[in-house]
Amino acid sequence: MSKNRDSNDSRARALLLRVFFRTLAILMLFTVILFNFKSSLQVYSVMSLASTMNSLDSDSLAAYGLLYDIIFFFCVLIAIHIIWSGIITVSTRSPWFPLKSKNQKELYWMLFVVLNITCLIAVNSYFFPTSLVSYFRHTPVSEPLVWGGLASFLVISFYRGLFHLTTKSVALCISLLLIAGVLSPFISISQTRAQAQKDPNIIILGIDGLRPDHLKYLGADPKIAPNLNRVLDSMTVYKNAYTPQGRTYVAWMSLLTGKYPVNNGIRFNLAPPEMVNKTLPFIELLKERGYNTTYAIDERRFNQIDSSYGFNNTVGPKAGAADALISGLGDLPYLNILLLHPYSSYILPYLYNNRAYGKAYSPIAFNKAVIESLAHEAPNFLALHYCQLHWPYTSKDFISQPLENWDGNYNHYMYKEMIRSVDKQVADLFARLSQEGMLDDAIVYIISDHGESFKLPTFKTPVPQNLKAFPKTKSWGHGTNILDQQQSLILLARAEFKNGTVVTPAQKIDGLYSLVDIVPTLVSSLAISSTGISSASASRLNTASFDGITLPWTAEQVSHQRYVVVESSVPVKSINKSFIDKKEVMSETASNYEVRDDGKAYMRTKNYIELIAKKQRAIYFQNWQLSLLPDYDSPVLLNTATNEIYDTDNYRGDFNWQPMMRALCSQYKEDPGFDPHASCTEFIISHNTRN
Amino acid sequence: MKRGWYRLSPTSALLTIGVTVLLLLNANAMYQDYLYTKEIRTSTPSGSSLAERYLILGGWPASKEHDFVSSDIDYPIRVNSNNASQKERE
C-alpha cells in the first residue's frame with residue numbers, strides 16, 4: 001500500500017511539474033506576443049534602437065557593467081514568469097467544481113491562464129493608460145470593480161490550491177510573509193518631527209528646463225503653475241539669472257562647486273571620470289558640520305551625481321547605459337504593476353522612480369522616497385531635481401489641456417502640460433517637508449538648471465543691426481545656442497523658513513545672477529569660517545576661488561558691475577529640431593561616447609577635448625551679451641533689453657563693450673581651440689595700439 | 001447509427017466557451033489598438049498630429065478620462081513655413 005502511495009505521490013508531482021512548465025511556456029509566449037504587439041504599434045521598436053547602438057564599438061557593448069545590468073534584468077523577467085507560473089499551477093490544484101476528464105482539467109487550466117492574463121492587462125490598463133500594452137483602456141474590463149473582482153477570485157483560487165497542496169500552517173506562514181512584504185512599505189510608523197538643530201536645513205529644489213517666463217512673476221498666466229507661483233510669491237526672486245551651461249549635470253556641478261565649467265573642469269554631460277574632480281568641498285564641509293547630505297534626481301541618463309561625489313544618500317533610478325534599453329523593453333504589464341511597490345527598486349532599479357520611464361513614474365512616490373532619505377536627528381542638505389519638464393514629456397496620464405490651448409507646437413504644448421504635473425509635485429513636496437518639520441529652520445532655493453527653447457513667436461528674433469550675416473538666434477532645446485535667451489534664462493529664488501513660515505522678504509531683485517552664486521551665498525549664510533573646521537576643509541574652502549557672489553537681500557546690495565558667463569554644450573544637429581528622432585541622435589552622437597566597465601556611458605576623452613573647441617561662449621554685463629561663436633568671425637553683441645544684435649566690427653553705439661571682451665578672453669584663454677578667429681588676439685593688439 | 005458529432009459535456013462546453021471568449025476579448029482589444037494606430041499614422045516621420053507624435057515617442061495617448069486615438073479630436077502639428085523676412089542662417 002505504501003508503494004502505491006509513493007507511486008501516486010510521484011505521479012502527482014510529475015503532473016504538477018508538467019503543468020508548471022506548460023504554464024511557463026505559455027506565459028513566455030504571451031510576453032513574446034506582447035513585444036511583437038508593441039512593435040506593431042510603434043514606428044521605432046526597441047530592436048531598431050538596439051541596431052542603432054551598433055554605432056557603439058564592440059568594447060562598449062561588451063562592458064561588464066552593461067552586460068551585468070541587462071542579464072540581471074532578463075533574470076528578473078524570467079523569475080517573474082517562474083513565480084507567476086507557480087501561482088497559476090497552484091491555483092488549478094483545487095478546482096471550483098468537479099472535473100471528470102483529462103480534457104476538462106486541461107480546459108480548466110487554460111481558463112485560469114487566460115483569466116490571469118486578462119486580469120493583468122486590465123490592472124495595467126487602469127493604472128497605466130499610456131502603456132502600449134494597456135489595450136483594455138476605456139473598456140469595462142479596466143473598471144476597478146471588474147478587475148478587482150477578477151483579482152479576488154484568482155487570489156482565493158490560489159489559496160484553495162495552496163491549502164490543498166500544503167498544510168494550513170504552511171499556507172498561513174506564506175500568507176503572512178506575503179502580506180508583510182506587500183504592505184510593510186505602505187505602513188507609515190509615526191515618526192517624531194525633525195528635532196531642532198544648531199544649523200538650518202538646506203533645500204535646493206531644481207526643476208529641469210523651467211522657463212521663468214512661464215511663471216507669474218514674469219507675467220505668465222498664474223494658472224499654469226499655481227502652487228509654484230504661490231511659493232515664489234513669498235520668496236526673493238532674482239529676475240535675471242543665467243545658467244552657466246544649459247545641461248543638467250554641468251549646471252548642477254557649477255552650482256555645487258560655485259565655479260563656472262571652465263574653472264571646475266566639467267564641460268559636458270557624461271564627462272569621463274578622469275576629467276571630473278568628484279570631491280565637492282562644500283559637501284565635505286557640510287558633512288563635517290554634521291549634515292546629512294542627499295542628492296535626489298528622478299532621471300539619471302545625463303546626470304550621474306551619486307554617493308561617489310560625497311553625498312550620504314542618493315535617491316532616484318540607477319545610472320547606467322542600460323537605462324535606454326531597459327526603459328524601452330520595460331513596458332510590460334507585470335513590470336508596470338510591480339513598480340507600484342517600493343521594493344521593486346531592488347529588482348527594477350532602472351525603472352523605479354525613473355521619469356525617463358514616464359508611463360510608470362509617480363511624482364508622489366519619488367517625493368516619498370526623498371523624504372524618507374532625510375534625517376531627523378541632524379540638519380539636512382537636500383539637493384533635489386525634478387525632470388518631468390524634460391523631453392519627451394511622457395507620463396502615466398496623457399494631456400488634460402483643452403483644445404483651445406493647442407497651437408500646433410507639440411513640444412511646447414506637452415511642456416505646459418508637464419508644468420501642471422511638476423507644480424503638483426512641488427506642492428506635495430512642501431506639504432511633506434512641513435509635516436516632517438524640515439521647514440522649521442530651513443534655507444530653501446528653487447532653481448531651474450536651464451530654460452527650453454520652442455522657437456515661440458512671442459520671443460522675438462533679435463533685430464539685426466548692420467550685421468555681415470545673421471547668426472542663428474533661435475534654436476530648439478537647451479544648451480544648443482547661447483544667443484537664444486530662452487535656453488539660458490533660469491529661475492533663481494530663495495527664502496528662509498522658521499516654524500514653517502517664510503521670514504525673509506518677498507521681492508523681486510534686479511541685477512545679474514548665476515547658479516554659481518548659490519554656494520558662496522550658503523557659505524556666507526552659515527557664517528562658515530576657517531575656525532571650527534578641519535584644516536583640510538579650510539584649505540579646500542577658499543572663498544576667493546568661487547566664481548559666484550553672495551546673493552543680495554536688498555536692492556541696495558545689488559552690484560550692477562558684475563559679469564556672468566555662459567557657454568554652450570555639444571553642438572548636436574539632431575536635437576536642434578522640433579522632433580527629436582532617437583535613432584538620428586544615437587547615430588550622430590554614439591561615436592562620441594563609450595560604455596565603461598561600470599556600465600555607465602561617458603564621453604570619450606578625445607572627443608571631450610575636441611568638442612570644447614566647438615563651444616559658443618558668452619559674457620553678460622547689465623543688459624548686454626557679448627558672444628564668441630566658432631562659426632562667426634567677429635564677436636556678436638546683443639542688447640537683451642532692446643533685442644538688437646550687432647557684430648562688434650560694425651557697432652557704432654555708445655556702449656563700451658571692450659571690458660566685456662577683455663573679461664571673456666581672460667576667462668577662456670586656456671580653453672582648447674578657443675577663439676579660432678583670433679578675435680581676442682586682434683582685440684588685445686588693437687587695444688594696446690590705442691593705448 | 002453512429003453520431004458524427006463530438007459530444008461535449010456541459011462542463012467542457014462552458015470551459016471551452018469561457019476560454020474562447022477570453023481569448024477573443026484579448027485578441028479583439030489588441031486588434032482594435034492596431035487598427036487605431038493604422039488610422040492615425042501618416043507618412044510624416046515625425047507625426048502630423050499630437051496623438052501620432054506621442055505614439056511615435058513610445059506612449060499611447062490616453063488619460064484616465066480620455067483615449068485620444070479612438071476619439072475624433074485632432075490636434076494637428078503645425079509645420080512652420082519659411083519666413084522670407086527672416087534672415088537667419090540655418
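The backbone N, Cα and C atoms fix where each Cβ goes, glycine too.
The transmembrane segment annotation in TrEMBL covers A:20-41 (among others). Cβ atoms under 8 Å from those of the transmembrane segment (A:20-41) belong to residues 47, 77, 81-82, 84-86, 88-89, 109, 113, 117, 132-133, 135, 329, 331-333 of the same chain, restricted to positions at least 6 beyond its ends.
The transmembrane segment annotation in TrEMBL covers A:61-87 (among others).
Annotation comment: TrEMBL describes A:107-128 (among others) as transmembrane segment.
The transmembrane segment annotation in TrEMBL covers A:144-163 (among others).
The transmembrane segment annotation in TrEMBL covers A:170-189 (among others). Remote same-chain residues near the transmembrane segment (A:170-189) are listed as 159, 162-163, 341-343 (criterion: CB distance under 8 Å, separation of at least six residues from the stretch ends).
For A:200-524, the entry in TrEMBL reads domain 'Sulfatase N-terminal'.
When pLDDT is averaged over the domain 'Sulfatase N-terminal' (A:200-524), the result is 93. Same-chain residues lying 6 or more positions outside the transmembrane segment (A:61-87) and placing a CB less than 8 Å from one of its CB atoms are 20-21, 23-24, 27-28, 31, 53, 116, 158, 318, 320-322, 325-326, 329, 332, 334-335, 338, 347-348, 350, 595-600.
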